[in-house]
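> I grabbed these lines from TrEMBL:
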- A:7-29: transmembrane segment (TRANSMEM)
- A:49-67: transmembrane segment (TRANSMEM)
- A:74-92: transmembrane segment (TRANSMEM)
- A:112-133: transmembrane segment (TRANSMEM)
- A:140-160: transmembrane segment (TRANSMEM)
- A:180-199: transmembrane segment (TRANSMEM)
Amino acid sequence: MGVVSKAYLVLYNAVQTIGWAYILMKLALHHKDGYNPNGVWDLIGKEVILFQGAAVLEIVHSLIGIVKTPVATTFVQVFSRVACVFLATIVPTTQNYWSLTLMLFCWSITEVIRYSFYALSIVNMVPYFLGWLRYTTFYILYPMGVLGETSTILASIPFVTENKVLTYSMPNFLNVSFDFAFFLKFSLIFYVVGLPWLYMHMISQRKRFIATGGNTKATPTSQTKKEN
Amino acid sequence: MKLNIVTERGNREVGVLQGISGTTTISQLKSTLFDIKNKSSKFNVNRIKLSTGDRKSLEDSKCVNDYQLKENDTLLYKDLGPQIGWSTVFVAEYAGPLLLYPVFYYFAPIIYGLDRPKHSIQTVALICYSLHYLKRILETIFIHRFSHGTMPLRNLFKNCSYYWGCTIMVSYFVNHPLFTAPSQTKQLIGLTLWAVGEISNFICHYQLMNLRPPGTTERRIPRGFLFELLSCPNYTVEILAWLGFSIMTQTLTAFVFTLMGAAQMWVWAVGKHRRYRKDFPNYPKSRKILIPFLL
């Protein structure tokens, strides 16, 4: 990997780390007097849109080949996240709902660990503890995140149905219709199928991490492309 | 002579084949391997891939001398996983559309909660769609001669989800009670394109059948009709037929299905065109891939 793309990736991952740390901090401060889902989106919605939106760049990174992760994998990950952010933006009933808070807590903790791990792994400076966190926290954060995301989707459906959000009906000259509420229900199937599959994948990644004694260069998905 | 077999990944020993001669075919090597592995289903002849250092699969019909194998040479073995016959996959993937498409036509009141009289073009579309897949099934059974015996089992799931899913996607909208029919001119143009496409497609398949003597996997240069212009006219006319279907129903999902099919057929056609050119030095230079005189 060239110096320029290396420097760029370190910068990108560092900025994302800071961004999500900021979100996490605001979220935590909001809850300093106990659980309170009200006003969460008003408080950090803009920041979440900005940093999660920026993650679309990861699809580009994958496309131009500066990171090794397959384009399809990156696309699915980023797309589902962006879709949830989009949903929170357009459906007010999700914005003060408990699941949005849960979802954002899971995301921000995961992202702080993940992005700092990436940034440091490019310059070969990952402390073992950070790697351990990256390959351990998913045990709890991943199912919790999925619970948060799916509950947010479920919570949005009545509003979407009632207000015909993004719904296009027949008759029309191209004989096509789009039922956003149906699309949302359908998307839940992918969570049900995807959860165990990705969970097993993460477990095998963790095994590899432990087996190689934290040598991150041996873990393929986080590894950046080397020059041949 | 003696040949060693090791795994392609990891170089673990699989077995040693004894008493091989220069005229032993690759397929005989595979059966021998199957025998010395006590006929374990994991070593079913169709599941085995044998290769040399370059990992390119050795062809079943070729023999040991063709690959200049010598005493004590090593072959790489790979398990291709559970296999399934091509015809089985084809019949399964085409049976889905044949059964699923009419469901939306006949059970419209239950599915859409609306009961409206059918437009004649919706009935025509049902006939066209069904005829296409009926034709595909009959061709699979009576016309096609496959050059490969089997494919990986997971292809069955992949192909079936594609065809069955697309059928639901197309049929749901074409048979919708709120369907808007295009103008009669478009209907007529579409139907004509469809009919011309399907008939030409059958002619192409028939020509390909006659190209390959029964029971062999021999390959020759196709000649006559559209083959004079193109390497894969069977795909060209199939795309034409689906374009016709899309025009006569004027349904977005049908256009999308046509486009996806065309993209896939383009990939296949490019591959086939390259193989023709590589395998036959006298392959006509002027022949294009899918679009006459252009591409």
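Backbone N, Cα and C define each Cβ position, glycine as well.
As the structure is a computational prediction, the values presented were derived from the model and not from experiment.
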> Which range wins on Cβ pairs under 8 Å with the transmembrane segment (A:112-133): A:7-29, A:49-67, A:74-92, A:140-160, A:180-199?
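Selected stretch: A:7-29, with the most Cβ pairs under 8 Å.
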> Short question: which residues 6 or more past the ends of the transmembrane segment (A:74-92) have a Cβ under 8 Å from it?
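Answer is 41, 45, 48-49, 52-53, 55-56, 58-59, 61-62, 100, 103, 107, 149, 152-153, 155-156, 159-160, 165, 184, 187, 190.
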> In terms of Cβ proximity under 8 Å, which residues at least six beyond the ends of the transmembrane segment (A:180-199) contact it?
80, 83, 87, 138, 142-143, 146, 149-150, 153-154, 156-157, 160-161, 165-167
